[in-house]
Amino acid sequence: MKKGMIFDLDGVIVDTAFYHFKAWQYLAKQIDIDFDATFNETLKGISRVESLEKILLYGDKVDDFSVAEKNILMNRKNDHYVQSLRKLTEKSILPGVLPFIQQAKKNQIPCAIASASKNATMILEQLNIKDYFDAIVDPHSLSKGKPDPEIFLTAANLIDVLPSEAIGFEDSQAGIEALNRANIFSVGISPQDNLVGADLRVDCFENINFEQLLNM
């Protein structure tokens with residue numbers, strides 16, 4: 001029986017992916033780079049630093065900025081993104097998520113957030129669900145991003161469960177790979193059947209049987 005649950009945030013609990021897309025697109029246009037939603041798919045599940053590097057490489061500007069200038073660009077993007085997040089409310093939570101985490105709380109199943117987002121705490125507070133989570137992994141404390149398993153291994157440790165006793169929820173390919181490398185049961189949340197290697201694939205939390213999942 002599984003004893004703990006680990007959740008990615010963006011695209012799993014709340015759809016902030018659109019806000020990320022618009023914020024990166026806003027920044028990219030300021031430095032004469034234009035990209036579309038298809039390219040944006042490659043930015044899902046990776047860190048802010050990696051996202052900027054991908055955008056600069058895409059625009060053939062990877063060597064045009066110093067480390068200090070890149071930090072300024074990332075902060076500019078984040079400022080734009082954070083302003084967008086002020087619009088989030090409890091109604092922004094994706095279908096089925098709230099009753100699912102309420103059931104976990106009722107059954108005393110510890111839950112953690114394992115997100116590359118440095119705004120995770122603020123987002124959970126905006127959604128009024130922070131108290132449902134026993135731990136939030138600080139991305140500043142990590143040396144590697146997904147698909148490295150470090151973030152999920154850290155989360156499992158924080159809620160005091162073995163990786164093999166945990167279930168992880170992800171919407172990105174990098175996240176699924178990280179869960180599998182961590183030996184954590186991987187649940188791919190996506191309306192498209194596009195998450196290769198997930199142990200279980202569903203389009204939303206409404207289609208998950210809580211009791212059956214614990215016994216997988």
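We number each residue from 1, going along the chain as drawn.
Including glycine, each Cβ sits where the backbone N, Cα and C put it.
Note that the structure is a prediction, hence the values are computed from the model and not measured.
What TrEMBL records for D8 is active site, nucleophile. The active site, proton donor/acceptor annotation in TrEMBL covers D10. As annotated by TrEMBL, substrate binding site applies to 8-10, W24, 43-48, S51, K77, 115-119, K146. Look at TrEMBL and you will find D8, D10, E170, D171 tagged as Mg(2+) binding site.
Here the features listed in TrEMBL are placed on the structure.
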residue: D8; record: active site, nucleophile; Cβ within 10 Å: 29
residue: D10; record: active site, proton donor/acceptor; Cβ within 10 Å: 23
residue: W24; record: substrate binding site; Cβ within 10 Å: 23
residue: G45; record: substrate binding site; Cβ within 10 Å: 26
residue: R48; record: substrate binding site; Cβ within 10 Å: 24
residue: S115; record: substrate binding site; Cβ within 10 Å: 27
residue: K118; record: substrate binding site; Cβ within 10 Å: 15
residue: E170; record: Mg(2+) binding site; Cβ within 10 Å: 30
residue: D171; record: Mg(2+) binding site; Cβ within 10 Å: 24
E170 (Mg(2+) binding site) in three-state DSSP notation: strand
Integer Å distance between the CA atoms belonging to D8 (active site, nucleophile) and G45 (substrate binding site): 9
Residue pair K118 (substrate binding site), E170 (Mg(2+) binding site) - Cα distance, angstrom, rounded: 17
Spatial separation of E170 (Mg(2+) binding site) from D10 (active site, proton donor/acceptor) - C-alpha basis, Å: 9
Cβ-centroid neighbourhood (8 Å) of the Mg(2+) site, D8, D10, E170, D171 excluded: F7, L9, G11, V12, K44, G45, S115, F169, S172, G175, I189
DSSP-derived class (H/G/I helix, E/B strand, else coil) of D10 (active site, proton donor/acceptor): strand
Recorded positions clustered about D171 (Mg(2+) binding site) [Cα within 10 Å; pool: D8, W24, R48, S115]: D8
